[in-house]
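Undergrad: This is the structure, below, for whatever I ask next.
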């Protein structure tokens, strides 16, 4: 039997593998570890470029098994070395002192995917994320077409070079045509390992195992965060085996969510093939372009609907006249906000007040359904303020007379109108209706368009997204009329919705060129006039770095002000910050309280998070939420009834079985 070294020697002799002298490489620096060794960055003198040198670890672990893994990676790389989304192997060199072979690999100048997301997520648009997903999928498609299973796909095995993603580290890969009965151990990163490996002893991984890992990677690209980062690794395998998955991120295209949820289906037979994943992602990518991040459903039916809905009223039901829609700003609320801001401004040198989030909500009370809450403001909620606030954030009470951002588009729409007109005009009584009505048909249609947008926007903020409702897709259905709709807003600048909606239009590129800087300015202007949703949007800009440098502490601050005054979506994000420790010390119990408050107010994604809290319980040093399968079942059912985007049927069935025992 030929030894690994003999095989490599023969391939070098036959010119099947390029061989380079070791002295061609200099300035070596360790940059990471592979499946069986270390990886150094080095300068390649003759080519005047940087390369990655993959070296067998110089310790007792150098054995025939590791050498075989090294050889396996080398063999598989030779089969796919042509593909731009798989890390390229230039050839082999040999370290003189140890006489060990070293792979000379393409150096990725932007690190691995985990590092790339940490450093660049704020600047990524959805078209970029879709392309990243396509890069990984194309690389995996090439592997599977050569009957190679990777078996260790995760964010640190995806490299990024000049914004192109490449699959790396094939040391644990295997040929499906060779040794197909080899047993899979639970190696690699647990968050990316399919549930079958935790459920079944000696489970043999296959192509669908890679598809599962790809699904987790697609979620990570959508969120910017590592999967299951808050779950102790000791229980992660159990949770995955029981069906636990990450929740979709708000604003993710529903078709993209549907795809990665199919990829991580518990049943491997129900997962798509890599060709299916590619076809779906390719269709999704066609919905994006450089000017607009909007999207629509891919199906022929919905493409036809989009065309028809752009010229007529959509099927989103309107039951409340536009004049009754508000951002929940009245005199009492404005006083409350000013009080919050003053309190925040003075908290730098003294401890913050303790939380007064209601924790004694009667669980047995019937929970109002979201459909009935679209037009009803959620109750005011006082959320704890456990952070020394940064005085550098502009406080609204001193800036209520600040003019709105200069927008040439809006100025050109109606040059005779004053752009400085705002909802705080004290000398002019507010109109009886936010939109003046005329008797002609065009004006009636204009009013209908605006009513639909206002109502959809409020539903999005009060209830979140569902399988059947997506505010971004709703806007996409009106894309053909977007400039006309922007005109209507420009002619009705006294409406309370004006500042935030115009900011949102700049954020989405709806009727105007996409401009995150301008969006941030409009959101800030809205917050300076005590518009509650303006605080939320400013917080979101700081959260993701939209139009301003990312700052999680400031994001927390603005989310908190919005949440304190009843903004349901802000409650959800504030809970996220406590759960993951973003901009504030991690506190799972406070996250639970906020999720509960938001869930009871009808925010559907929070209902899912609350169900998880009851299913697994929360145990901290100071507080405890005991496991309560009955309450978990109740909230999972409600989430399902409200058409939540996450699949919970298996969770419900598992809990029912446990309760019946």
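Counting begins at 1 with the first residue displayed.
For all residues, glycine too, the Cβ spot is worked out from N, Cα and C.
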Undergrad: In TrEMBL, one of 295-317, 456-478, 479-501, 502-524 is tagged region 'Disordered'. Which stretch would that be?
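TA: So the range that TrEMBL calls region 'Disordered' is 295-317.
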Undergrad: Three-state secondary structure of residue 54 (ATP binding site) from DSSP?
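TA: Its secondary structure by DSSP: strand.
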Undergrad: Counting across all protein chains shown, how many other Cβ atoms sit within 10 Å of the Cβ of residue 54 (ATP binding site)?
TA: 27
